[in-house]
Amino acid sequence: MKREDVLMEALPYIQKFYGKTIVIKLGGHAMVDQSILETVIRDAVLLRYVGMKVVLVHGGGPEITAKMQAMGKEPKFVGGLRITDPETLEIAQMVLVGKINDGIVSLIANCGTRAVGISGNDGNLLIARKMDPQRVQVGEVMQEVDLGQVGEIEEVDPEVLHCLLAQNYIPVVAPIAIDRQGMSLNINADTAAAEIAIALSAFKLVNLTDVDGVMDADRTMVYHRLALTEAEAMIGAGVIAGGMIPKLEGCMKAVRNGVASAHVVNGNREHNLLLELFTDQGVGTMLTL
């Protein structure tokens, strides 16, 4: 498609999305490749300049693991789930809030736009409870494992986000929550993004990842559009598996609770965020009712 055709195709979408709220979950290789992250941030800033209200939520699992190893603490996983003891949580907060969040805010500032970095602790944005012990398969047996300071979101108070958006800031949210006794908890970033989108009555939720979207069983074709019932059937049939399941489950919950559409997009490809939102076919998977 010619560049001028892309621009003309974008116009009605820009008009339709003006004033709408979009929650973007930053994840995948973009979190460890500075050039990819810079491109994604520029695209997010463009959305702000064309009139959308943008909220960014980021993860940071690989960076947390690297920092732990650098500090001589070996990360512990059981059945693919991280064990988060108090020291691990302290390191996670250091990485998520002190490094990644600040870095994203700085990139946004370099693009000439104002941003504020917060975590779920701020303004009681994310209230959570400690996750119950999980049954996971270890070898050939099932074990019940206490994951430590890992939380499940119980409540979202979006007031702090509304205040920032009203003042034309881009909020950048680190996935740390607080429980009702004041203890900090690590939260899955996909879940945090979905819950924030629901609380804000966002128009769109976009999950940026390392894959092109939801693929067919042969991994040769991307489903550009899926209804909730289709996605549920594909999970049940095993077509959707592995790490895509929690991402899609967050998207599905958002759509069930009022978000007009949720998208899974490969954030490693240049300007995919814009192409997904502003072209007819898109480049990832869009999930709707």
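Even glycines carry a Cβ here, placed using N, Cα and C.
Of the residues proposed, Arg42, Arg82, Arg219, the one Swiss-Prot records at the same substrate site as Gly60, Gly61, Asn186 is Arg82. Between the C-alpha atoms of Gly61 (substrate binding site) and Lys25 (site 'Transition state stabilizer'), the distance comes to 14 Å. A Cα-Cα distance of 10 Å separates Lys247 (site 'Transition state stabilizer') from Lys25 (site 'Transition state stabilizer'). Highest local Cβ density among the recorded positions Lys25, Arg82, Lys247 belongs to Lys25, counted as other Cβ atoms within 10 Å over all protein chains shown. In this structure, the binding-site residues Gly60, Gly61 were compared by how many other Cβ atoms lie within 10 Å of their Cβ, and the smallest count belongs to Gly61. Annotated pair Gly60 (substrate binding site) and Lys25 (site 'Transition state stabilizer'), C-alpha to C-alpha distance, rounded: 11 Å.
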